[in-house]
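The compositional bias 'Polar residues' annotation in TrEMBL covers 1-26. Annotation comment: TrEMBL describes 1-27 as region 'Disordered'. The feature transmembrane segment is assigned by TrEMBL to 50-74, 80-101, 113-130, 203-220, 254-277, 283-305, 317-334, 340-357, 377-397, 403-421.
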Amino acid sequence: MAEPSSTAETQAESQAESPDGSQNDSAALRSPARVKAGYGSVFAVKEFRAIFAAHVLSMMGGVFADASLAVLVFRRTGSAPLTALVFALGFLPYALSGILLSGVADRYPARRVLVACDLLSACCVASMAVPVTPLAVLFVLRFAVSMMSPLFTGTRAASLADILPDDLYVLGRSLVRMVSQGSQIVGYGLGGLALVWLSPRTALYVTVGTFLGSALLLRLGTRARPARMSGGEAMMRASLATTRRLLGTPRVRALLLMWWIPPMFFIMAEGTAAPFADAAGAGSVGFGLFMAAMPAGTAVGEVLAGTVLGAAARERIALPLAAGSMLPMAAFAVHPPLSLAIALLLVTGLCAAYTLGMDQWFVQAVPATMRGGAMSLLGAGLMTLQGLGVAAGGAVAALVPPYAVIGGAGVVGTACVFVVLRSVRATRATATTPA
């Protein structure tokens with residue numbers, strides 16, 4: 001695989017300094033000898049420890065809030081569709097926020113944006129817990145919290161590139177992804193247990209505490225840095241202009257599609273897990289193993305790639321792993337037994353280690369002044385297409401058996417990935433940053 005272009009190399013070197021020109025806290029870790037930097041090196045960076053701890057709190061709080069609000073709405077209405085709307089509102093605002101508010105991440109200092117998002121989320125959740133809050137207002141507040149999510153995640157991802165040099169950024173992003181996956185399992189589990197003893201409103205106040213704790217960690221544990229971009233343009237106009245410039249750059253567009261498309265098809269397997277397990281006569285245990293297989297494989301794959309391989313090797317395996325990531329899903333077309341199906345999803349998860357190489361390419365392709373907006377756009381597209389994937393998989397599942405849905409997703413997804421991979425390879429040699 002070709003080495004990064006000189007432009008990308010220069011940009012990667014410039015990431016060793018904070019926007020004010022001073023060396024960032026982790027610059028001392030930069031060394032040619034560190035070709036196989038491990039996760040321990042990431043945790044050696046003080047600011048990353050604060051961001052990581054805040055991420056754990058905010059993710060657990062968000063998942064806990066979803067569970068509590070869903071129970072609260074169901075107890076008040078007895079309506080399954082309205083309860084499902086609680087979760088749907090977690091997906092719907094992503095596209096809107098990612099396009100219209102992405103400029104905030106670059107226009108204002110990162111620490112201020114992150115703390116403000118946590119404090120606003122805490123205020124919204126506290127308002128949800130008030131007994132007299134009407135149902136319609138509950139949904140508006142849930143929508144507001146979701147609007148802040150892509151802004152928060154995009155700003156945090158861009159901040160990691162400011163504090164972590166070279167391949168440590170890739171490992172930092174990997175740790176954040178693993179926490180995001182694990183928090184969904186642990187968070188819903190703990191949320192369910194807590195709701196045995198706590199009322200939904202009390203549980204929402206616990207969520208308020210997690211957001212406030214996250215805000216405190218970010219305020220005290222991270223350094224104040226100036227905004228990446230000065231602004232004279234109106235915020236929404238600037239955000240739309242940033243989105244147009246990013247999508248208008250072939251290299252960035254190809255990498256965004258490579259981030260968005262595979263998860264859109266991966267999630268179809270999870271969306272049809274319940275009917276697949278039921279058809280196999282596996283019950284709740286089989287369903288749980290089926291659901292856990294892909295996240296478990298993803299965690300193992302990322303840990304192995306992050307600890308065993310160096311940065312260059314992670315980039316070399318990125319395209320082959322991405323190309324083959326959905327081939328195990330295509331094998332569902334032969335209607336495998338549950339044990340084999342779980343093994344196939346585990347292998348699919350292992351292939352997700354391609355994301356470590358993608359992380360490095362993406363941060364090299366985007367100029368520092370647009371990094372926050374780019375990360376917000378990436379997260380918004382990811383969540384939006386996953387929501388569409390769930391909906392599409394559910395619609396097809398009404399017509400064909402679950403195994404056919406997963407097998408078809410594997411075949412169609414692989415074809416789509418091969419098309420995008422051609423663009424990724426073609427733009428690698430002529431990579432240019434957005435004007």
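Using the three backbone atoms N, Cα and C, a Cβ is placed for every residue, glycine included.
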Residues of the parent chain within Cβ reach of the transmembrane segment (203-220), under 8 Å, 6 or more residues beyond its termini: 50-51, 53-55, 57-58, 60-62, 64-65, 67-69, 72, 111, 114-115, 118-119, 121-122, 125-126, 128-129, 191, 194-195
Residue numbers, six or more beyond the limits of the transmembrane segment (403-421), whose CB comes under 8 Å of its CB atoms: 254, 257-258, 261-262, 264-266, 268-269, 272, 276, 279, 319, 322-323, 325-336, 341, 393, 396-397
Distant-in-sequence neighbours of the transmembrane segment (317-334), which means Cβ under 8 A and at least six residues beyond its ends: 1, 258, 262, 265-266, 269, 305, 309, 341, 344-345, 347-348, 351-358, 361, 403-404, 406-411, 413-414, 417-418, 421, 424-425
